[in-house]
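What follows is a short report on a single structure.
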Amino acid sequence: MSCRVCLEDRSIKPLPCCKKPVCDECLKRYLSSQVQLGQAEIQCPITECNKHLDESTILYSLPHDDIIKYKYFLELSRMDSSTKPCPQCKHFTTFKRKTHIPNPTKSENKLKIQCPSCQFIWCFRCHAPWHEGVNCREYKKGDKLLRHWANEIEHGQRNAQKCPRCKVHIQRTEGCDHMTCSQCNTNFCYRCGERYRQLRFFGDHTSNLSIFGCKYRYLPERPHVRRLVRGSVCAGKLLIAPLLIVLGLVLGALAVVIGLFGLPIYCLCKKQRKRTRTGMPW
């Protein structure tokens with residue numbers, strides 16, 4: 001049986017969702033890449049199948065190192081609004097009285113959580129480090145403390161990045177810059193914080209000269225030059241695209257004309273040549 005991914009003939013057990021054959025090696029690589037992107041609900045690798053792989057299939061096929069990550073993302077996707085992970089150590093905390101800091105002095109202090117695992121103190125409502133004397137709304141408007149903490153570089157990377165859609169801060173422990181928010185499923189870049197966008201012919205976030213490209217991929221220290229170059233490339237493509245479309249239409253029309261008139265002439269000449277060789281009269 002041939003694997004639908006690598007096309008090699010192997011002894012393969014079909015996938016339970018669509019009964020299509022995918023070898024163990026290809027399935028492991030695919031699942032591992034999805035876990036690295038923070039996916040808990042993983043779709044079947046077969047493009048024409050829109051179903052999700054069941055948990056047992058994923059756990060059976062995942063490499064051992066990725067099983068812990070997958071279980072974390074799975075728990076994160078299933079939790080309700082009363083349970084959130086600690087911003088520092090990812091330990092899940094359920095909003096109960098026993099997790100509060102004792103003797104709250106204000107109503108806002110009811111949201112003050114101390115992680116039982118790492119003792120980090122944070123706000124349950126906005127999922128940020130605790131902001132003493134400032135409510136969540138005021139803190140979000142001028143969250144200097146949070147931005148300072150998130151922008152601090154530790155172990156060669158910033159502490160956290162804010163999701164461009166739901167504004168939840170996400171901390172990366174390892175993996176590539178392509179992040180998927182577990183709250184709203186937005187794909188964004190951990191380095192620059194921008195959404196992943198792509199448009200055929202104009203490139204994507206990994207393209208150096210694309211208007212959608214990450215600012216750290218091309219001239220990060222010269223933003224004005226970067227915008228000028230990328231804008232010029234985009235403008236050039238916008239000018240070239242109509243010309244290519246017109247050229248394609250002209251060539252297509254020319255091919256049709258040649259086919260309509262050239263093919264009968266070619267057949268007639270071929271028939272004439274054959275008659276000449278056999279000495280047959282017209």
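Numbering starts at 1 and runs along the chain as it is shown here.
Keep in mind that glycine also has a Cβ here, set from the backbone N, Cα and C atoms.
Swiss-Prot lists Cys176 with the feature active site, giving sequence analysis as the kind of evidence. For Cys176 (active site), the count of additional Cβ atoms within 10 Å of its Cβ stands at 12 [all protein chains shown].
Around Cys3 (Zn(2+) 1 binding site), the same-chain residues at least 6 positions away in sequence with a Cβ under 8 Å from its Cβ are Arg10, Ile12, Pro21, Val22, Cys23, Cys26. Residues annotated as Zn(2+) 1 binding site in Swiss-Prot: Cys3, Cys6, Cys23, Cys26.
Here Swiss-Prot flags Cys123, Cys126, His131, Cys136 as Zn(2+) 2 binding site. In sequence order, Cys136, Tyr139, Lys140 are the residues near Cys126 (Zn(2+) 2 binding site), counting only same-chain partners six or more apart with C-beta under 8 A.
Summarising the annotation, Swiss-Prot assigns Zn(2+) 3 binding site to Cys163, Cys166, Cys181, Cys184. Under the three-state DSSP scheme, Cys181 (Zn(2+) 3 binding site) falls in the coil class.
The feature Zn(2+) 4 binding site is assigned by Swiss-Prot to Cys189, Cys192, His205, Cys214. All chains included, 21 other C-beta atoms sit within 10 angstroms of the C-beta of Cys214 (Zn(2+) 4 binding site).
Taken from Swiss-Prot, the feature region 'TRIAD supradomain' covers 1-218.
Per Swiss-Prot, transmembrane segment is recorded for 243-263, and the stated evidence type is sequence analysis.
Note on the zinc finger (3-49): mean pLDDT across this stretch is 84. Per Swiss-Prot, the feature zinc finger maps to 3-49 (among others).
Look at Swiss-Prot and you will find 68-136 (among others) tagged as zinc finger, backed by sequence analysis.
Residues 36-40, 73, 76-77, 87-88, 90, 127-128, 140, 146, 150, 157, 205, 214-216 of the same chain, all 6+ positions outside the zinc finger (163-192), place their C-beta atoms under 8 angstroms from a C-beta of that stretch. Among the features that Swiss-Prot reports, zinc finger is placed at 163-192 (among others), with the record citing sequence analysis.
Between Cys163 (Zn(2+) 3 binding site) and His205 (Zn(2+) 4 binding site), the C-alpha separation comes to 16 Å. Residue pair Cys176 (active site) / Cys123 (Zn(2+) 2 binding site) shows a Cα separation of 28 Å. A sphere of 10 angstroms centred on the C-beta of His205 (Zn(2+) 4 binding site) encloses 21 other C-beta atoms. The Zn(2+) 2 site is set by Cys123, Cys126, His131, Cys136; from the centre of their CB atoms, other residues of the chain with a CB within 8 Å are Leu111, Arg125, His127, Ala128, Trp130, Val134, Asn135, Tyr139, Lys140.
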